[in-house]
Amino acid sequence: MTTWIEFVPTVLVAIAVIVGPGAAVALSLRLRGWHAAALAAPLSVSLIVVASVLGGWFSIRWSIAPVVGLTAIACLAGWGWSRYISRDQRRSVRWRLPSWASLAAIAIPGLVISFILLRAIQSPELFSQRYDNFFHLNATQYVLQTANASPFWLGTMTSNESLAFYPSGWHALVSLVAQCSGASVVASTNATIVIVAALVWPLSAVYLVRVLMGGGRAVTIGAGILSSAFPAFPYLPLHYGTLYPLFLGLAIAPVGIGLLIRLVRPGKLGGRFDTGLVLLLTIPGIAVAHPGALLGVIALGFAAVVVSAVVAFRRAVTAQRRVTIASSLAGIVVIGIGIWRVVRPPADQIYWPTTGSFAQAIGDVVMAAPYGYPAAWLVAALTLTGTVVALVHPTLGRATALGMALAGSGLYIVVAGSPSELVRAWLTGPWYNNAPRLASIWVIAVIPLTALGAMWIVRRVSRLARSRRARIAIGMAAIALGVLGAQGAAMDQAKADIAYTYGDGHGAGPILSQGEFDLMMRLGDLVPAEAVIAVNPWNGSGFAWGISGREVLMPHVLMDTPADVAVINDALDGDAVSSELCAAILENNVQFALEFDGGDFMDHPAATFAGLDNLSSSDNVSLVAEEPGARLFEITACEAPK
């Protein structure tokens, strides 16, 4: 297995892939400082997903080359925009070293989040043994094998007919990390997880807070530390689901919200065209990472639109101006309602129940304890403080933060505790009525107020100091208290939840036994690269493709099953070998089969694979290799191609 030292190059490649393309485009647009740093990842994701779509349309094999080519074109266009079109052509392009506060705002949460995740992951070659991870690991391998990462292609892995759209940003990104580093899909997934959580998310969160609250040192460092203090994000999507696509989308969503706030903020038009351009460039990445993330941007950004409209309305000096503002806001509301009606999953997929009562959901929000986490006392206290400060000393940014917090909290309360299914279907249906998804969005909604509370307390305490040395000491103490105070019972639970999905540190976990994991790790040496393996995904053997690179017949637990595949699943271990079975074996190039003793990890009507239950006693196969509780067989009943 890969050691942590061997894992470092994969992490460095992940940084280059996630940050490099977008940073180049940001610099070509003459962005500097926090704007360039925070926009690097969202722009990179947009470049990657646009390259994947174009590659699918024009039959260009998926690799880093299309991304590099598109980045070069985008840089040239960015230079042209900043040189000839931008309204702010005189913008300074001088380089300045980042301040110690900026470095601390990224380094502290980066170290904290990395420490939590690496301890939970335990080994680079282990993976989250969760329901959705069958799809995510195997889909990344599918991208590598088919050289196509288009969102209009990825769904063909599990469907006879191409799905209209499947958010493939995560899989395109991880596949590039795997290609460029030479690491396995599992190790590349873990590297991407760490970089998105420990680097991309803090940058995005701090950027949003700075847009709303200003660029002071206290609020910058406070926002950075607090980005590591919410169990609902970035940790919850890494053990629930797992929701990797939404995790990626929400990690870059704060940048989209911040840009929207800058765009609609009342005032002079200087720089607004540039902001609008950059916002448009980030939207493809957020949307193709996951549409739910884009809807989060719309929902929370709507608060900024309303606040800005109210301020502009009050400042308007003519009736005509007020009519224009009111009609514009009404138009935005109508468009938003239209988007809400259209961008949502099919009705039969919106089935998740509430997690408790309405009062419990309100309590979850007040105590910063969504989705059953223990109360995060420090976060709750800081959020309450920030709310009071924003109400007592309002500014445009603080009013916007209040609106965002109200929107995010309201959505979570509805999905977690509303007694009205009609209200839940209308307001939270776009997120499948799924409370964990809204819990993660809630973090983005409240972190500006939480950072405001931290800033207010630090400034109040600092006023007691009479010397610069004393103020520095108070600042250092506040940082230490923030880091330590944020790591309470809620964070312990988040770390334990992730560690549980990754298993015991050796391969055994909630779905696989040690023997089953060990056998799948050997498949690359036992099975030819072109061969297909028959598996029952409900017992965990469906992970084999993502782990070993050897294709499996059923890469996900719920998928379209062609008639010939159903014959193999139902009759491979039977006494009689029919011509229909042999035709199916030859047609699908199925040469091997896995048999696991662990049983199905959950009860489901689709978990019926009678033809794979008794391979050990079948004359149709011969044993190739085994580990405790797991066996690999070669199919000998038909003249399978070799």
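Each residue's number is its place along the chain shown, starting with 1.
Positions of Cβ are set from backbone N, Cα and C atoms, glycine also.
Please treat TrEMBL annotations as automatic predictions, because they have not gone through curation.
Positions annotated as transmembrane segment by TrEMBL: 6-29 (among others). The list of residues near the transmembrane segment (6-29) in space but at least 6 beyond its ends in sequence, with Cβ under 8 angstroms from a Cβ of it, reads 35-36, 39-48, 64, 67-68, 70-71, 74-79, 81-82, 86, 124, 173, 176-177, 180-181, 183, 187-188, 190-192, 194-196, 199-200, 274, 277-278, 281.
For 36-58 (among others), the entry in TrEMBL reads transmembrane segment.
Residues or ranges marked as transmembrane segment in TrEMBL: 64-85 (among others). Residues 17, 21, 24-25, 28-30, 47-48, 50-52, 54-55, 91, 176, 179-180, 273, 277 of the same chain lie 6 or more positions beyond the ends of the transmembrane segment (64-85) yet place their CB under 8 Å from a CB of it.
As annotated by TrEMBL, transmembrane segment applies to 97-121 (among others). Cβ atoms under 8 Å from those of the transmembrane segment (97-121) belong to residues 4, 33-34, 37, 190, 193-194, 197-199, 201-203, 206, 217, 220-221, 223-225, 227-228, 234-235, 238, 479, 483, 487, 491, 494-496, 498-499, 502 of the same chain, restricted to positions at least 6 beyond its ends.
Among the features that TrEMBL reports, transmembrane segment is placed at 191-209 (among others).
The annotation transmembrane segment is assigned in TrEMBL to 216-236 (among others).
The transmembrane segment feature in TrEMBL is assigned to 273-289 (among others).
The feature transmembrane segment is assigned by TrEMBL to 295-313 (among others).
Within its own chain, the transmembrane segment (375-392) is flanked in space by residues 226, 229-231, 366-369, 398-399, 401-402, 405, 446, 448-454, 456-457, 482, 485-486, 488-491, which lie at least six positions past its ends and keep a Cβ under 8 Å from the stretch. Per TrEMBL, transmembrane segment is recorded for 375-392 (among others).
As annotated by TrEMBL, transmembrane segment applies to 399-418 (among others). Within the chain, the transmembrane segment (399-418) has long-range Cβ neighbours (under 8 A, six or more residues past its boundaries) at 212-213, 257, 261, 299-300, 302-304, 306-308, 311, 352, 354-362, 364-365, 370-371, 383, 386-387, 390-391, 424, 427-428, 431, 433-435, 438-439, 441-442, 444-446, 448-449, 452.
The annotation transmembrane segment is assigned in TrEMBL to 438-458 (among others).
If you look up TrEMBL, you'll see 470-490 (among others) marked as transmembrane segment.
Among the listed stretches 191-209, 273-289, 438-458, the one sharing the most Cβ pairs under 8 Å with the transmembrane segment (36-58) is 273-289.
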